[in-house]
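Undergrad: Below is a structure I'd like to ask you about.
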Amino acid sequence: MKKLIALIKMNFIQCFEYRGDLLIYSLSYAAQPVIYLLVWLAVSASSQSLPMTAQEFAQYYIWLLIVQLWVSAWSSPFIAGDIRHGKLSPYLLKPFAYINFHISENLGEKGLKTLLTVPLVVVLILILKPSWPDLSVFGWVIFFWTWGLAGAIYFLIDMCVGCLAFWFDDISAIDDLYNVLHIIFSGILIPMILMPDFVRNLATFMPFRYSLSFPMEILLGKLSLSEQSLGLFLQIIFVVLIYFIYHKLWVIGVKRYSAFGN
């Protein structure tokens, strides 16, 4: 754990060398939920039949800026690059797991991205004046717990996609497919409460909802205690299952990688 914390600190400090690039990435990343927010505010102004008010849309997408940031992962193309270009070997000689490098890079970079994103969040709060989520202390505990599990699900899926480069020369199409499914079923494009019943039922048994939408639904107070309990249970199941898949892909992939003399 001490080594992982040291790696996170090191990556956080290194990020300041590229703060200009990270500022651009952070703004482009934040643009998506802000655009969706403006669209839904316009829709809510012209329709009274939506199950969410303009205040709830503002609350949802402003919180989404931070929640999505800490859930996101981007390791897959770098893993694929390490595999394709024979750069994986030095990591295999290190005294800790390859996944730890990506965990530390992920968390370290998110620290600086948060500092760059907070001013935008403050501006949106001052302009739109959304209400504060009406959660009890227990509700906040559940929210942060599910938020952490959502990040684990997204990160592990991203690692699995990266490991597919052991068998495929180009994983960009797979990565793009995952991103499209994530946008549709994670509540970024359309909050889950606005989805048709059959889509919500389908999303209930897919990991995409639990990698972002689920903690957001808790934040807005849209789920009963039984629904929260079921969702939390499914999140844990997905984390265990996806980690198992990642571990198998990694072990088999490294053997294949070593067999080819990289």
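We count from 1, first residue shown onward.
In case you wondered, yes, glycine gets a Cβ from its N, Cα and C as well.
No curator has checked TrEMBL annotations; they are predicted automatically.
Source: prediction; values computed, not measured.
So TrEMBL lists these for the protein:
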type	residues	note
TRANSMEM	21-40	transmembrane segment
TRANSMEM	60-80	transmembrane segment
TRANSMEM	114-132	transmembrane segment
TRANSMEM	138-168	transmembrane segment
TRANSMEM	180-199	transmembrane segment
TRANSMEM	229-246	transmembrane segment
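On this model, are these features tucked inside or out on the surface, and what's nearby?
TA: Here the transmembrane segment (21-40) has Cβ contacts under 8 Å with residues 15, 52, 57-58, 61-62, 64-65, 68-69, 72, 109, 112-113, 116-117, 120, 124, 188-189, 191 of the same chain, all six or more residues outside its ends.
Same-chain neighbours of the transmembrane segment (60-80): 29-30, 33-34, 36-37, 40, 52, 102, 105-106, 110, 113-114, 117-118, 120-121, 124-125, 128, 130, 133, 147, 150-151, 154-155, 157-159, 161-165, 171-172, 175, 187-188, 191, 211-212, 215-216, 219-220, counting only residues six or more beyond its ends whose CB sits under 8 Å from a CB of the stretch.
Through the fold, the transmembrane segment (138-168) approaches residues 67, 70-80, 83-84, 99, 102-103, 106, 174-175, 178, 182, 207, 210-212, 214-215, 218-219, 221, 228, 231-232, 235-236, 238-239, 242-243, 245-246, 249-250, 252-254, 256-257 of its own chain, all at least 6 residues removed from its boundaries and within a Cβ separation under 8 Å.
Within its own chain, the transmembrane segment (229-246) is flanked in space by residues 99, 142, 145-146, 149-150, 152-153, 156-157, 159-160, 163, 204-205, 207, 210, 214, 217-218, 223, which lie at least six positions past its ends and keep a Cβ under 8 Å from the stretch.
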